[in-house]
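Peer 1: If you look up TrEMBL, you'll see 80-158 marked as coiled coil. TrEMBL lists 218-243 with the feature compositional bias 'Basic and acidic residues'. TrEMBL lists 244-313 with the feature compositional bias 'Basic residues'. Annotation comment: TrEMBL describes 218-320 as region 'Disordered'.
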Amino acid sequence: MGTARDGDETRQRVKFTDDRVCKSHLLDCCPHDILAGTRMDLGECTKIHDLALRADYEIASKERDLFFELDAMDHLESFIAECDRRTELAKKRLAETQEEISAEVSAKAEKVHELNEDIGKLLAKAEQLGAEGNVDESQKILMEVEKVRAKKKEAEEEYRNSMPASSFQQQKLRVCEVCSAYLGLHDNDRRLADHFGGKLHLGFIQIREKLDQLRKTVAEKQEKRNQDRLRRREEREREERMGRRSGSRNRDRRRSRSRDRRRRRSRSVSRERRKSRSRSRERDRHRRHRSRSRSHSRGHRRGSRDRSSKHKKEVWTIRK
């Protein structure tokens, strides 16, 4: 499986992610593949088709979401839109070429067409079940076909009685809403079974069903991506809020530390001031003490001198 299964280096040069590779082919829904061999064969696709690249994609898609469904959906939508446009043009051409009938007759003809489609679908399903060997289920469906045929016969009688015989004999056509092919009002069961069980009609059913599936898948993946994006944004916002709160707490802590430092500095300055004032008072006391001491010493010396002078005077008086 894959481009590297035989060691062929030339095939490995183109990766399945390359823009030249058909993403619809990787998802097994390219109209060029599905309608190949029908009257609406589209020919070869302009992009690369390689089963080995599809195997590479299937392996890689198990590990990660490549979201190739969006490219494939755009491709199928463009194709189906063109098919629907052709269907509308075919309806307009039929309306211009076929004989105009009243709304009542048109509704009865529409009922016959619908029963024809039911018969064709049931017959195609019965043939498929018979080919698969499921005979009992095939027989049950054939019994349902007989019931629908009886309803169709009654509807045809109502339709025949509502318009002239000459007009009833004209082949009334209808455009298939699925594949835009023409269906006749008087087509036999074999023709209806061939159409509804044919490759063209079934191919268009496959394409339309695949498109519906891709739309659902893309919508689910886009919703999941939006939810993931919203969750990541909420996580970022929560982290930012937590960061702001943490920053606020850090600022508060810094402010608190700053206030504490200011208080400590203030207390330290106050202590220093008190110490300075205490030292100043101590120095003042010391100076006053020294001043008193010197004053006392000078007084003592003067007293001593006075006493000595007085003593000398007394001695001199006695001597005289």
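Backbone N, Cα and C define each Cβ position, glycine as well.
Give me the structural setting of these features: burial, nearby parts and distances.
Peer 2: Residue counts for the compositional bias 'Basic and acidic residues' (218-243) under DSSP, split into helix (H, G, I), strand (E, B) and coil, are 26 helix, 0 strand, 0 coil.
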Peer 1: Let me know the model's mean pLDDT on the coiled coil (80-158).
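Peer 2: Taking every residue of the coiled coil (80-158) together, the mean pLDDT is 83.
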